[in-house]
Amino acid sequence: MATIKDVARMAGVSTTTVSHVINKTRFVAEATQKKVLAAVDDLNYAPSAVARSLKCNTTKTIGMLVTKSTNPFFAEVIHGVEEYCYNAGYTLILCNTEGNLVKQRDYLRMLAEKRVDGLLVMCSDIDQDLLDLLARKSDLPMVIMDWGPESPLTDKIQDNAEQGGYVATKHFIDNGHEKIGCLSGHSEKSTCRERLKGFNKAMAEAGITVNNNWIIDGDFECESAVEAANQYIAMKDRPTAIFCFNDIMAMALISTFEQAGVRVPDDISVIGYDNIDLAPYFSPPLTTIHQPKRRLGKTAIEILMERVKDKNHERRVFEMNPELVIRKSVKDLN
């Protein structure tokens, strides 16, 4: 089995230079990089992660807990994290918790056993049980990004959800809609309450009475949107516009409407939230509220890297300003 000395000898450089090229820890001239990487390929050299961790007290790995990586919002956040880790020479271990406390506990134990250098927690369901688990890992540098009230344990995502709800609803109103409904997320979550607050604020400013029958609780998943769509379809008095609290629910809602012969935007207008990658390519292209998901992931991992160097690095607030992206899913009634 080839060693780092064999690579250095073949490339005509020092073992230190080989180490810097492989670990991306210092600038090395491009020509030298090519020689080293060619030697690595020729010799089929693979550095020992165990030896490196013993020598340097680092595994060059980061653990990440997310609710569900198949959710397009989290998928795009993860993309930002993974891209940063790759460029920095780190390996990302991704753990889908599904909001399950047992899985959260087991994953935390596994990541601790693998001696990850840091932990990034970005779940939509951070509750006290999870915070208690994380508090027991206080020796591990971590960034906990939370959408809830400020906590001394967590970094805060300030997503200005009230403004997002207000902007979406006002766009409906500006296009002549008064019969406006909402397909919300988990009503116990602060970000959902804030979006609904923005919805109510825009309606009140316009002097429009809110019909509570048109406000339906979803759970950010497609199945809840299908159920909501069927409820709207069954109504004798339907809204002309529906504000969905994420794009996935908006798309499932539109699909169910179309199958029932209810056309979007001709019969009902729809606005989503998040501006996921698929939104411009849906039929019709979805008007939505943009959130900078990749930048959120990149910022979170940057904060974690700072905390790996200094565990007492101050808690941070990451602010996202919602922006309306106008496409083709809202009909102008003016």
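Using the three backbone atoms N, Cα and C, a Cβ is placed for every residue, glycine included.
Residues LYS189, THR191, PHE220, ASP274 are recorded by Swiss-Prot as hypoxanthine binders, and the candidate that the same record lists for that site, out of PHE27, PHE73, is PHE73. Check Swiss-Prot against the ranges 4-23, 124-143, 164-183 and you find DNA-binding region recorded for 4-23. Per Swiss-Prot, the stretch carrying the note DNA-binding region among 39-47, 48-56, 201-209, 318-326 is 48-56. Counting only same-chain residues 6+ beyond the ends of the DNA-binding region (4-23), those with a CB under 8 A from a CB of the stretch are 32-33, 35-40, 42-43, 45, 47, 60, 89.
For the binding-site residues PHE73, PHE220, the largest tally of other C-beta atoms within 10 A is found at PHE220. Across the domain 'HTH lacI-type' (2-56), DSSP helix (H, G, I), strand (E, B) and coil residues number 39 helix, 0 strand, 16 coil. Cβ neighbours of ASP274 (hypoxanthine binding site) (same chain, under 8 Å, six or more residues apart in sequence): PRO72, PHE73, ASN246, ASP247, THR288, ILE289, HIS290, GLN291, LYS293.
In this view, LYS189 (hypoxanthine binding site) is surrounded by 18 other Cβ atoms within 10 Å of its Cβ, with every protein chain counted. For the hypoxanthine site, whose binding residues are given in the record as PHE73, LYS189, THR191, PHE220, ASP274, the maximum C-alpha distance rounds to 17 Å.
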